[in-house]
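Copied from Swiss-Prot, the annotated features are:
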type: ACT_SITE; residues: Cys76; note: active site, proton donor/acceptor
type: ACT_SITE; residues: Cys186; note: active site, proton donor/acceptor
type: BINDING; residues: Asp13, Ser14, Tyr45, Gly46, Asn77, Thr78, Thr187, His188; note: substrate binding site
Amino acid sequence: MRESQLSPIGVFDSGVGGLTVLRELYRQLPQESILYFADTARLPYGTRSKGEIIEFVLEILTWMSERRVKMVIMACNTSSALALEEVQAEFKDLPILGVILPGAKTAVQKGKRIGVISTPATAKSNAYKQAIQEIDPTAQVWQIPCPEFVPLIEANRIFDPYTTQVAREYLQPLLAENIDTLVYGCTHYRHLSPVLRRLLPSSVRLVDPAASVVRAAEKELELLGLKNPETPLPTNFAVSGDPDTFARLSRQWLGFSPRVEKVYLQCRVKTLGFTDGMKQRPV
C-alpha cells in the first residue's frame, strides 16, 4: 500500500453546488477520504472573466496540493469550461478532472436534441456544445445561460415562487426546440430538480454530470492504483467565506451539519500574459 492511496480526493466549487458531486462520491466511492472546498467569498463564478477563474482555480489547487490530495475533481462547470486545460498544464503530476466531458458523454447516450442550462460563462464558452458534438456530430445542442439560478440556490430560495417563474422563462426556448435531454450545466442546478422536473415534459431525460464525473474518477483511481484500501477519514470542509452560512445551507443536502474551516487563500500566482489579460502560475 502506498501513502498516496490514503490521501484524500480534493473537490471544489464556488459554493454548495459541488455537494452534488460529494454525495455521488459518498455513494459510488464510500471508501475515499475527501477534502471539500467552497469558494463562497467569490461566488458566483458564472459572471467572472476567464482570467479571474484561472487565478481562483490556481490558488485553490495550490492550497489543495499543500494538503496532499491525490486527485482533484473540479465540481464546477464554469471552472471546468474556462480553466481545466490551463491548470492541468500547471499541475502535471496531479490528476484533475472536470465535469463537462463526462456530462457530455452521458448526454449523447440519452438523446439527440440536447438542452444545456448553465452559468453565463459556461454558455458563452460553448464547452458543452463542442464536447457533445465532438462525440456525436449529429446531436443538436442548445445552451441557455441562467444567471439567477446560483444566487437563488445559495440564498436557499429553491421553492420560492419567483424561482419557479425564472426557471419557466429559462426553459421556454428549450421546450420550443422540443429537446429530449436536459443537462445540468452547473452542479448547483441538481438542487433545483424538484422545480425543473415539474416544468418539463416527462419524456425529457435529465443528465447530472456529477454522477458521470465520479464514475470517471473511479476509473482514473483504478488505472493509477490510487484507490483507498483502508477506512476513510471524515470529510474535511473548508470555505473562503462564512463557515456558519455554508454549514446551515449544506445541512439539507448532506443530512448533517458539517464542521467547516475558514481558509484564506494566498495570492501565490504571477502574471504570465494570458487571454483576456493574464495568465498565472503558482509561485
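Including glycine, each Cβ sits where the backbone N, Cα and C put it.
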Asp13, Ser14, Tyr45, Gly46, Asn77, Thr78, Thr187, His188 excluded, remaining Cβ within 8 Å of their centroid (substrate): Gly15, Gly17, Gly18, Leu43, Pro44, Cys76, Ser79, Thr119, Thr122, Val150, Cys186
Listed in sequence order, residues with CB under 8 A of Cys76 (active site, proton donor/acceptor) and six or more positions away: Phe12, Asp13, Ser14, Gly17, Gly18, Tyr45, Val99, Cys186, Thr187
Thr187 (substrate binding site) CB neighbourhood, other CB atoms within 10 A: 31
Spatial neighbours, same chain, of Thr78 (substrate binding site) - Cβ under 8 Å, 6+ residues apart: Ser14, Tyr45, Gly46, Arg48, Ile53, Ser118, Thr119, Ala121, Thr122, Cys186
Chain-internal residues, separated by at least six, CB under 8 A from Asn77 (substrate binding site): Val99, Ile100, Gly103, Ser118, Thr119, Thr122, Ala127, Gly185, Cys186, Thr187, Pro209
Close in space, distant in sequence - His188 (substrate binding site), Cβ under 8 Å, 6 or more apart: Asp13, Gly15, Val16, Gly17, Thr20, Phe149, Val150, Ile153, Glu154
Secondary-structure category, per DSSP, in which Thr78 (substrate binding site) falls: helix
